[in-house]
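Asks: Below you'll find the structure I mean.
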Amino acid sequence: ADFPDLSKHHNIMKNHLTPGVYAQLRDRVTPNGITLDQCIQTGVDNPGHPFIKIVGLVAGDEESYETFKELFYPVIKERHNGYDPETMVHPIDLDPSKLAGGKLDEKYVLSSRVRTGRAIRGIPHPPMCSRAERREVERVVTDALQGLPKDLEGKYYSLKTMTDKEQDQLIDDHFLFDKPVSPLLTSAGMARDWPDGRGIFHNDKKNFLVWINEEDHSRIISMEKGGNMKSVFERFCRGINEVEKLIQEKGWEFQKSENLGYILTCPSNIGNGLRCGVHVKLPKLSQEPKFNEILEKLRLQKRGTGGVDTAAVGGTFDISNLDRLGKSEVQLVQEVVDGVSLMIDMEKKLEKRQSIQHLIPK
Amino acid sequence: MPNTNTARYTASEEFPDLSKHNNHMSRCLTEEIYKKMRAVQTPNGYTIDSAIQTGVDNPGHPFIMTVGCVAGDEESYEVFADLFDPVIEARHNGYKKTDMHKTDIDPAHLKGGTNMDPKYVLSSRVRTGRSIRGLCLPPHCSRAERRKIEQISCEALAKLDGDLKGKYYPLKGMSEEHQDQLINDHFLFDKPVSPLLLASNMARDWPDARGIWHNDKKNFLVWVNEEDHLRVISMEKGGNINEVFKRWCTGLQLVEKYMKESGYEYMWNPHLGYVLTCPSNLGTGVRAGVHLQIPLMSKCPQFDEVLGKLRLQKRGTGGVDTASEGGTFDISNADRIGFSEVELVQMVIDGVEFLIECEKKLEKGESLESDIKGLKQK
């Protein structure tokens, strides 16, 4: 009697939530008291679109992935290209010295960015955390950020106490995140008590930044103008490794497992949670009929310059890795670097009215 | 949304930051009260955190006092009385914990209102809400409970006959054509977009088990599972609010009779009257009103003062929180509890007749000074 009506729905959760699975899972609770209904609410409330595949499920806490694995595992498999959490191990590699090349042509590449998320073990995720738990996350992460080395040193701006002037500055820097308006996020409950416990840290050099308590406990971002992805990735790895060390000194850890990698709120972000991308000018290549096919073959994804679900402006695209789970950080950044280099070569050829046929990957 | 880790943190660590807030909940909730109520739950597992979430998420505005808390079930009003009692007292003009509510749904007691001037009164409407005892309210109900509410309501409504005979139209699977028709009739309700409602969780699983029932004559209508279990509405064009009220009373009582035949009843008690989701609707839950064309009177600087004395409230023609169009206002009773249904509709009739007189005088260029001076606070 309680089974949701998913007949008009198009999301990955719907593909795997049968009445049988629902009956099996509905009376289970995680150690934090989280239920299946809470995890699927966002997918029930947002039927989705046949052309845009969304997940439709969130993890209320780290244990959700295991407690409700009969649903989470097949969803993960579908979302991450057949990665099977039952049998596979996720590779982690945050050693930037392994990146080959990484300095992209600045005539085309306007900016480079790497982001990921991290969750604090023992505390439920933003959809389900209480106010006290959210404040605890804020405390744990900001304490650690205070101990960062010189070039990563910076300041924390709580959303609650930020001045108007600080707010304007953060918007101009493209740093500020705002209260979620997407129904995908709000119906999962992650906007509760806004802006309590939320804030932004950035270093004085303004190229290393941490969001606290937005969609995940923390989002870590390294970015800079231009095409030096090597430098961006190097700073990213150093920053994350430092933060992990500092929270461990206080007895905390990141949520992580052998088969799922780093654990985050949305199943689409587990593994490394890594989105490595550039803003790149490809006005000619993007008009080519094979553009989408090329992206697919290179395992890349395009977005507008405003981020997810925005439009591209003037032939400038946000190009980033498509995959998350099953490949290491180094592998993914390498794919972006190599793929973008290749696309720049194609753009140059098109500028000279030459063919790019031979450059298209098989 | 609750997880069960409350034991790990103190009430102090959990207490919401209400420093920038301005709603009834934020004015009444002290850390002491919060601490006491955090230790308990209703029999259906509803917590104080859930009840106040909408007030925490919507700080409100200094000029518009919203309530800021909702009930997840009938028992919420008892279990969290330490918060709800002062909120109710503040919102309902000093209605005390010990006060008793009076119910009067006998249309014979109503005077006048049979033919208010149609030049000014475009339409008349009476609505209320009802909840079915034993089932959780929209902020907390499960999908199964919501479907049960739909089933019970439809069974009762199916028994209505004569002028009240009608049909149920579930929101799920409604054709576009039919949807347009219902919008044109001013019947259709949509998925709530107001953050006040969304933050209390009542839009979950939309549009499952939501629907609209109306009679063939299209003047008696029931909303199922929107902000309350049931909203019962009687309306028609023109100024015969007396007839509207009569039909409303008849329909309401018949539906209750049929529900009782199936072993169900409305949530009601002698102190709070009819129990609904939002504390602002307790008592009668009645909003009786008209769409009134008063372009001149509404521009009069004492308009709001007059409404206050008449115990009336103005809204735009789109309902709550909308703007008025072309000098046409939705004028309705401001009170819900502390007066009976008949008394409230009587205030609307008397008040609207007064406003029409004012408008007529202004049309002739006459002064309203003596009328307004002589107007006593109801």
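Glycine too: its Cβ is placed from the backbone N, Cα and C atoms.
TrEMBL feature annotations, pasted as is:
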{"type": "BINDING", "residues": "A:111-115, A:H174, A:R219, A:275-279, A:303-308", "note": "ATP binding site"}
{"type": "DOMAIN", "residues": "A:1-81", "note": "domain 'Phosphagen kinase N-terminal'"}
{"type": "DOMAIN", "residues": "A:108-350", "note": "domain 'Phosphagen kinase C-terminal'"}
Asks: Tell me, how many other CB atoms lie within 10 A of the CB of A:G277 (ATP binding site), whichever protein chain they belong to?
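Replies: Around the Cβ of A:G277 (ATP binding site), 25 other Cβ atoms lie within 10 Å.
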Asks: Report the mean pLDDT of the predicted model across the domain 'Phosphagen kinase C-terminal' (A:108-350), rounded to a whole number.
Replies: 93
Asks: Taking every protein chain in this structure into account, which of the binding-site residues A:R219, A:R303 has the most other Cβ atoms within 10 Å of its Cβ?
Replies: A:R219
Asks: Pick from A:S111, A:V114: which of these binding-site residues has the biggest number of other Cβ atoms within 10 Å of its Cβ?
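Replies: Per the Cβ count, the most surrounded site is A:V114.
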Asks: How many of the residues that make up the domain 'Phosphagen kinase N-terminal' (A:1-81) does DSSP mark as helix, as strand and as coil?
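Replies: Helix (H, G, I), strand (E, B), coil: 37 helix, 6 strand, 38 coil.
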